[in-house]
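Step one of this worksheet: look at the structure below.
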Amino acid sequence: MPDSTAGTLQTPDAPAKQRPGGTLYRGNEGMWSWVLHRITGVAIFFFLLVHILDTSLVRVSPEAYNAVIGTYQTPIMGLGEVALVGAIVFHAFNGLRIILVDFWSWATRHQKLLFWIVVGLWVVTMLGFTPRHLMNVFGH
Amino acid sequence: MTTIEAPRTPARSAGRNGNLEKWAWIYMRVSGVVLVVLIFGHLWVNLMVGEGVHAIDFGFVGGKWADPFWKVWDVLMLWLALIHGGNGMRTVVNDYTKPGRAQKILKGAIFAAVVILIVLGTLVVFTFDPCPAGSPADLLPSFCPAA
């Protein structure tokens, strides 16, 4: 419903402000945590498939394994590993948030606050991980 | 149109799949908690300790799997993560496809990938030979006779 320019056209009991859809989650922390959980989950799944296959090369020969795992130590893959760990850490912390929201009524009422706690813990974890990992990648 | 049942409506019987969806729901939470510990430990030991990703090679894997502790750790991670991920992908497919041939094919592909990789990964861990004959000595773990 577009906002009327002439107040006389509005019905007296029309709500002053209507949120789209009026649903619990749309556009808010609940929706974005769900979107991020889904995207990171699918990404991690496809990495897992690749990671099992590359690790399986230890059963082929030391040379085959070292050749492929060596590509994990290049700068581009090193940056990719930061993205991967970022996805895993978010999925882990937000997964724990989901469990709390499911089983603990206080957490159900404060799911928005918990989302920002997840974001905060993610930032702290990545601030610890990223410099150390990039030193290992670029320090050689 | 979707109808929402009255709050006091008794639960419907679970149908032909029994309580499978409930157990899938419980599995995601239980395996999720365990996977946080297993994967964070995996990332810590492989990426943060020592030279991190630069230290990973055949000798590194051989050294880890000389200890049954890490074999159990990795196999547990393999099973829990693949089933957790496979069930998550099944949820995604259910959300974006209608029942029919395409949905069956997608779910079949997920199921096949999970089963094949669980079998492959488990065999790799338990049949792993850290000192394969005829390999260059400098690529092997230090405890190998040839190294």
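Cβ coordinates are placed from backbone N, Cα and C, and glycine is handled just like the others.
TrEMBL annotations:
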COMPBIAS  A:1-11  compositional bias 'Polar residues'
REGION    A:1-22  region 'Disordered'
TRANSMEM  A:35-53  transmembrane segment
TRANSMEM  A:82-101  transmembrane segment
TRANSMEM  A:113-130  transmembrane segment
* Near the transmembrane segment (A:35-53), which residues from the same chain, at least 6 beyond its ends, have a CB less than 8 A from one of its CBs? -> 84, 87-88, 90-91, 94-95, 98
* Structure fact -> Long-range CB partners for the transmembrane segment (A:82-101) (under 8 A, at least six residues beyond its ends), listed in sequence order, are 33, 36-37, 39-41, 43-44, 47, 107-108, 111, 114-115, 117-118, 121-122, 125-126, 129-130, 133-134
